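Reading through the structure tokens given below for one structure.
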Amino acid sequence: MRRPGLGGPCPLLLLLLLPAATSASGSSPSPSPSPIEKAVVPSHQAGVAACHCCLDQTPKSSRCTRASCRVRNCPPAKCTGLEGCLTPTPSVPSPSRSPVEKSQVSLNWQPLTLQEARALLRQRRPRGPWARALLKRRPPHRAPAGQARVLCPLICHNGGVCVKPDRCLCPPDFAGKFCQLHSSGARPPAPAMPGLTRSVYTMPLANHRDDEHGVASMVSVHVEHPQEASVVVHQVERVSGPWEEANPEALARAEAAARAEAAAPYTVLAQSAPREDGYSDASGFGYCFRELRGSECASPLPGLRTQEVCCRGEGLAWGVHDCHPCAEHLRNSNQVSGPNGPCPPGFERVNGSCVDVDECATGGRCQHGECANTRGGYTCVCPDGFLLDSSRSSCISQHVISEAKGPCYRVLHDGGCSLPILRNITKQICCCSRVGKAWGRGCQLCPPYGSEGFREICPAGPGYHYSASDLRYNTRPLNQDPPRVTFNQPRVPPATPRPPTGFLPTRRPEPRPDPGPQPEPRPRPEPRPRPESRPRPEPRPRPEPRPQPESQPRPESRPRPESQPWPEFPLPSIPAWTGPEIPESGPSSSMCQRNPQVCGPGRCVPRPSGYTCACDPGFRLGPQGTRCIDIDECRRVPTPCAPGRCENTPGSFRCVCGTGFQAGPRATECLDVDECRRVPPPCDRGRCENTPGSFLCVCPAGYQAAPHGASCQDVDECTQSPGLCGRGVCENLPGSFRCVCPAGFRGSACEEDVDECAQQPPPCGPGRCDNTAGSFHCACPAGFRSRGPGAPCQDVDECSRSPSPCAYGRCENTEGSFKCVCPTGFQPNAAGSECEDVDECENRLACPGQECVNSPGSFQCRACPVGHHLHRGRCTDVDECSSGTPCGLHGQCTNTKGSFHCSCSTGYRAPSGQPGPCADINECLEGDFCFPHGECLNTDGSFTCTCAPGYRPGPRGASCLDVDECSEEDLCQSGICTNTDGSFECICPPGHRAGPDLASCLDIDECRERGPALCGSQRCENSPGSYRCVRDCDPGYHPGPEGTCDDIDECREYGSAICGAQRCENTPGSYRCTPACDPGYQPTPGGGCQDVDECRNRSFCGAHAMCQNLPGSFQCVCDQGYEGARDGRHCVDVNECETLQGVCGSALCENVEGSFLCVCPNSPEEFDPMTGRCVPPRAPAGTFPGSQPQAPASPSLPARPPAPPPPRRPSPPRQGPVSSGRRECYFDTAAPDACDNILARNVTWQECCCTVGEGWGSGCRIQQCPGTETAEYQSLCPHGRGYLVPSGDLSARRDVDECQLFQDQVCKSGVCVNTAPGYSCYCSNGFYYHAHRLECVDNDECADEEPACEGGRCVNTVGSYHCTCEPPLVLDGSRRRCVSNESQSLDDNLGVCWQEVGPDLVCSRPRLDRQATYTECCCLYGEAWGMDCALCPAQDSDDFEALCNVLRPPAYGPPRPGGFGIPYEYGPDIGPPYQSLPYGPDLYPPPVLPYDPYPPPPGPFARREAPYGAPPFDMPDFEDDGGPYGESETPDPPSRGTGWPYRSRDTRGSFPEPEESSERGSYTGALSEPYEGLEAEECGILDGCPHGRCVRVPEGFTCDCFDGYRLDITRMSCVDVNECDEAEATSPLCVNARCVNTDGSFRCICRPGFAPTHQPHHCAPARPRA
């Protein structure tokens, strides 16, 4: 999956750098290409290509690699996206030197197609033997010395400027990562050629051997290109072969090479600047450059290195964004060259001559290897297990070139690996790219970035790796030179005839072969021979050329990671010319004449019987006598070059002398160099002694030999002995040292303290001197102080303090003290340390008759104010409240300064403006009180209202209010009292009249007023408001309609109040009161109540249920496959074919009593519950190896098909003493009581460890089972957990029946069902399976996050729970929610339906087209209801199932306790690889498609803990991996348990097949949109089954109505059921209550005198109030 990048995919752009055609036919199709001046330097071959890669891509071997997509090649004449590939210009070497030529090339910046590029390539074919170009950018300004800039990697368009490695500074009209987007309002620029800029590129040829003077060949090119195009060339390698000028076959081969998708045989090692989010300077890794010319860095080494590793190796500069020269290079560059010029690299000038530098003596080179000095350089010798890297300056571990491939995981969670990339790669690529977090099938963690483990496998730093082809060239022996190739003629005596120059035997260097298998290379076209006059023999295989000393190094050709060989550029047409190696028949002279080179390096001598060879010096005749072979002089004993190293050469040998030796007069000997005779001598300050190959420095006392042994260096005694000078400082001297003592110490080692107190005069003056170590301390008297240790006592100037100690005075300092001089009005204190004020007011005569007020330094006189009087010379306040009652009797006096204040009582107030007594307020004069129905009367402190008749004073007494006589008195009996303003009136009914007082209604006695004539012969009986004519009946009877006397039912006529708290029973002519019993109880003869046992009649609940008597009631517990009827007194069959939609798939569903069957229409097909289709019958047991006997299919547990054999041949199981015998198998061995955790006592090692066992042994001597990732486990259990290998047949496997092997130990308190592989443990309702304890444990429903008892208190019980409510709340019908009996049902009201609830429980998106009831909203449309945002129950909860009458997703079990259903709760029986799915509040995995669209509910109900773990199901398949139990094993669909086989749906609007989930919508959409895919007319005309769901059936469709609705077949809609009318009279729905029908349900309203009980729809007599 390609990660979306900024700006989308890169557009295709081809940038071609083509040499200009010299012929007339070389016109360019591109519009006005810019000319480029190119300097062509002969005698060298080279080519160049520069790749510019898109963002998040890096160039690698002329390929742009993106971590998020597949590798895209960057071959010649191709460019993709923001990549820019400059097409290389091939060239051919010149056979002879000629002056530099200049020509023109065209740089075409127009986007071209591949066909246009190929046509342009044909027209711009390079002509001439010396055409080639090198590019290198010249920066616009010179960088400071010692700091070179790495070019900015981004290509900024539309005039943008690259300011950071990942940022472009755009002009105002453009935006985007690369300034490629037009801002709002900006118009796109007109298409035009962008401005051109010129860059100059100058670089040496890489992999080119310097000549004997050490000067590299340099080339320069001037290039004009747009400003947004950036060219970065770090290194240029030579072209492998030349081109011929006018050879059609060579042009054809070049065209074929241009069409190839692989890279050319020359490469440009280009690298882009790193991204800031990948690594930074702080990471310590950067680029290492091997060349530094001026302020520019060039020739970077592949990979990343630290600055230390780079600078101590071959690097000259290092950096990430800026490259900094190494310190050692700066020192060398700053040295002044001698008179003879600079020395070549690796040499230094000593006494006017260049001497080899021993790089190994400086240390820090050849990391992980041993440094060996060579002339002009050094080499690294790597130990076993290490290889030379591509820079040949350090050794890297062989672990970095491991080619083992495995999955690379990008996510780690809870110790598991997930989200692997789409292909298997090596561990180095996975971890060094920092894309992967773990690698391999065993989930091996990648080492942390920057750790030692990371540096071991990623020595090149992050983002780079080594391949085997990169290092294969460096694994040759140390003394072996790179392969060389010569184009010169082999040496032969001058007299021997030579073939023509064009016929010289030559061979193009071939790339090194790859060890792995490779396809056959393309056949190379035979070169066209030049015309000649005499016939030529048939060409034969060309011999291997002999290396020559002066030959050029053979360029290395590294194969690509793929097995396809690199395409080659053609060679010039040179006919092959070789001689035969086998003598031919004929005269010998003709043989020597026909083939003068038949002897090789010798002369052919004809003989009568053939010929022989006269070999050149250094060669001898071969074993067959027909060819001269080289003599290896180095194999002679003794060796000819001791003590040097002998190197054999064709026809001779040479001696390579080691360090400390030099070649003697003869080339075959090495003489010792006497280093001691050098001027100046090498041993500074010492004596030099020469040794073979080296020298030794004898140093005097105080000196020691330097680490390199070439001089004597001073011994730093101060560093060797840190405590040499004690408290002093050790100062090193040449050959010695001295101690510098601090103040207060003396002696040679500063060990003697100086007693300063003994000196004269004493150092402390007036103080006491105390000597201390190295100093002294002064104890000063008062008025003196010391500034610290070693300081004398000095006088303290108290007058300089702030504030001054002499306030109001002048301070004068004295020796050790001070004195104060006070002004007038002040006097010094007793101590004389400060000035005190003189209080003149102490003299009473100072202010006669006035108050004296003292002030600092003076005083003043003033008279007393009002309310004050003079007391003892002071003005004091007069307390008016203490004399009399100034506020009167109704006020409280409060004294104030100079006056007083009166606080008056309510109804009183003080006079305004001045203090005075409180007077009464006349409210009748100030307010409109008591009006209009009363009169105001003032009282002392208040007032009263005298109201008119029919009125009374109000609550506050300020007004008169009307009296409602009708509500306060029992007026107008038998009439209606109507209140009037100030009175009332009685409205009497017919038959009544008002009384004399007009306050009551009296009955009119018609019998008395109208006399006996009113009823004739019958008796007139007056009644309230009327009368009647009746016969005379006995008491307790009344006349009937036919003139009879009928019994009066006093209990019905007078109600329950006739008997109070007892129950009324009617009797003939009377009634009686008996004690009351609740429903379900019956009275006893003694007056008590006892329970009625409804289950005494065993057929009370019918044939499919068991009657369970309860106190005051009963319960019918239905059998499996049945559900309770509406009346609760019998059970009816569940039609699974209707409730489980599409349960049989393509088969026909047939409902049977208590279950159902899936019948296939075509015989003899069988129904497969896993696929939901009818399939041909399976093969009988025993047909295939390892198959098990097939159990007959049953509705309870569908049989699973036998697992096929694994796809690969497994290794044999581990044999040995460990697996022999039978012992005990243990589980949970980490527990403290592991010895008691025994699964079985007589099992084998394989049976225990290949199942759920963790240890095996006897007597608690437990041997741990091997880990699943170990080789021992793979050998013991080759087919994985749950399978054993039958004896004698390693290719077969046998499933282990854990339920039979471990009996009840593996599924305690549950039902164990064997599966293949593994087993399933079915726990009772209210229990869940504990995977570690291997048993069913009770689930604490009260501890779940969702409240089990809504509005009440939850009490957990074993296997269940019950809810209690606080009065006046009662339990509803579900027994799981507390409701108020007086509250109105939610479904009686219509409200707004909210379609979405946010994470903060805020309702949004209301349904605006209609309002809905609570049930309609939650079941059909939304997530919350009403203005209070009442949340709907979760769709995977029991409440939702009960509310909406829906079948939950099959991945969940049946309803929890509290209703009718199956007595076992089943979790999803998910087999591998879907077992052990992690879930929780922070991590919900995607649903197990196609079964469950919702995250698992909280608590352990949602799933069964599988005994065998497996990787998470969301991991994509690997290219070469199967599942954990074989590729052909698929997970079983979830099972609903006994009688409920299930398959994934394949109909529209239902559960799609796994492969159809992405095309037909998710399972969530199938549940939330049940009408999707159905036509409108298929579900009727009323919006498709209102109050129900549209269900497909084989005959078409039908409506499945919700509870409380029934199907009206005429309208195909669900109509409300009136439960109140359809209830049977003998079994009413509401007991002691009135039934009220609602939409889809009903509710009960208790009758007067009755209250609701804990039983639903039951009301009991209310208790009388005390």
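The backbone N, Cα and C atoms fix where each Cβ goes, glycine too.
Marked as disulfide bond by Swiss-Prot on the basis of sequence analysis: CYS297-CYS323 (among others). Neighbour count (other Cβ atoms within 10 Å of the Cβ, all protein chains): 29 for CYS297 (disulfide bond). Under the three-state DSSP scheme, CYS297 (disulfide bond) falls in the strand class.
If you look up Swiss-Prot, you'll see CYS360-CYS371 (among others) marked as disulfide bond. Sequence-distant contacts (6 or more apart, same chain, Cβ under 8 Å) of CYS371 (disulfide bond) comprise GLU359, CYS360, ARG365, TYR378, THR379, CYS380, VAL381.
Taking all protein chains in view, 22 other C-beta atoms sit within 10 angstroms of the C-beta of CYS395 (disulfide bond). Taken from Swiss-Prot, the feature disulfide bond covers CYS382-CYS395 (among others), and the record attributes it to sequence analysis.
A sphere of 10 angstroms centred on the C-beta of CYS458 (disulfide bond) encloses 27 other C-beta atoms. For the recorded site, CYS458 (disulfide bond), the DSSP three-state label reads coil. Residues or ranges marked as disulfide bond by Swiss-Prot: CYS432-CYS458 (among others).
Non-local neighbourhood of CYS615 (disulfide bond): CYS599, PRO601, GLY602, LEU621, CYS628, each in the same chain, at least six residues away, with C-beta under 8 Å from its C-beta. Annotation source Swiss-Prot lists disulfide bond at CYS615-CYS628 (among others), citing sequence analysis.
Residues or ranges marked as disulfide bond in Swiss-Prot (evidence: sequence analysis): CYS699-CYS712 (among others). In this structure, CYS699 (disulfide bond) belongs to neither helix nor strand by DSSP; it is coil. The Cβ neighbour count for CYS699 (disulfide bond), using a 10 Å radius over every protein chain in view, is 20.
Residues annotated as disulfide bond in Swiss-Prot: CYS822-CYS835 (among others). Long-range Cβ proximity for CYS822 (disulfide bond), meaning a same-chain Cβ under 8 A and a gap of 6 or more residues, is found for CYS806, TYR808, GLY809, PRO828, CYS835.
The disulfide bond feature in Swiss-Prot is assigned to CYS881-CYS893 (among others). Within the same chain, the residues at least 6 positions away from CYS893 (disulfide bond) whose Cβ sits under 8 Å from its Cβ are GLU880, CYS881, THR885, PRO886, CYS887, PHE900, HIS901, CYS902, listed in sequence order.
Under the heading disulfide bond, Swiss-Prot lists CYS1225-CYS1248 (among others), citing sequence analysis as support. Residue environment of CYS1248 (disulfide bond) contains 27 other Cβ atoms, counted within 10 Å of its Cβ in all protein chains.
Per Swiss-Prot, the feature disulfide bond maps to CYS1250-CYS1277 (among others); the stated evidence is sequence analysis. Cβ neighbour count for CYS1277 (disulfide bond): 24 (other Cβ atoms within 10 Å of its Cβ, all protein chains included).
Taking a C-beta cut-off of under 8 Å and a sequence gap of six or more, CYS1307 (disulfide bond) has these contacts in its own chain: CYS1299, TYR1319, CYS1321, TYR1329, LEU1334, GLU1335, CYS1336. Among the features that Swiss-Prot reports, disulfide bond is placed at CYS1307-CYS1321 (among others), with the record citing sequence analysis.
Over all protein chains present, the Cβ of CYS1590 (disulfide bond) has 18 other Cβ atoms lying within 10 Å. Annotation note: CYS1590 (disulfide bond) sits in a strand segment as assigned by DSSP. Annotation comment: Swiss-Prot describes CYS1579-CYS1590 (among others) as disulfide bond, evidence class sequence analysis.
Per Swiss-Prot, domain 'EGF-like 1' is recorded for 148-180, and the stated evidence type is sequence analysis.
Confidence for the domain 'EGF-like 16' (1616-1660), expressed as mean pLDDT, is 82. What Swiss-Prot records for 1616-1660 is domain 'EGF-like 16'.
What Swiss-Prot lists as signal peptide is 1-24, and the listing cites sequence analysis.
If you draw a 10 Å sphere around the CB of CYS323 (disulfide bond), it holds 25 other CB atoms from the protein chains shown. DSSP gives CYS382 (disulfide bond) a coil state; it is part of no helix or strand. All protein chains shown were included, and the count of other CB atoms within 10 Å of the CB of CYS881 (disulfide bond) stands at 16.
Note on CYS712 (disulfide bond): other Cβ atoms within 10 Å of its Cβ, all shown chains, come to 22. Counting residues per DSSP class in helix, strand and coil order gives 4 helix, 20 strand, 21 coil for the domain 'EGF-like 16' (1616-1660). Over all protein chains present, the Cβ of CYS1225 (disulfide bond) has 29 other Cβ atoms lying within 10 Å. Of all the disulfide-bonded residues in the record (CYS323, CYS382, CYS395, CYS712), the one with the smallest CA separation from CYS432 (disulfide bond) is CYS395. Counting other C-beta atoms within 10 Å of each candidate's C-beta, the disulfide-bonded residues CYS382, CYS1250 are led by CYS1250. For CYS1250 (disulfide bond) paired with CYS1225 (disulfide bond), the C-alpha to C-alpha distance reads 11 Å. Across the fold, the C-alpha of CYS1248 (disulfide bond) and the C-alpha of CYS297 (disulfide bond) stand 66 Å from each other. When each of the disulfide-bonded residues CYS432, CYS628 is scored by how many other Cβ atoms sit within 10 Å of its Cβ, CYS628 comes out lowest. A gap of 57 Å separates the Cα atoms of CYS323 (disulfide bond) and CYS1277 (disulfide bond).
With the fewest other Cβ atoms inside 10 Å of its Cβ, the least crowded of the disulfide-bonded residues CYS360, CYS835, CYS1321 in this structure is CYS360.
Across the structure, CYS699 (disulfide bond) and CYS395 (disulfide bond) place their CA atoms 36 angstrom apart.
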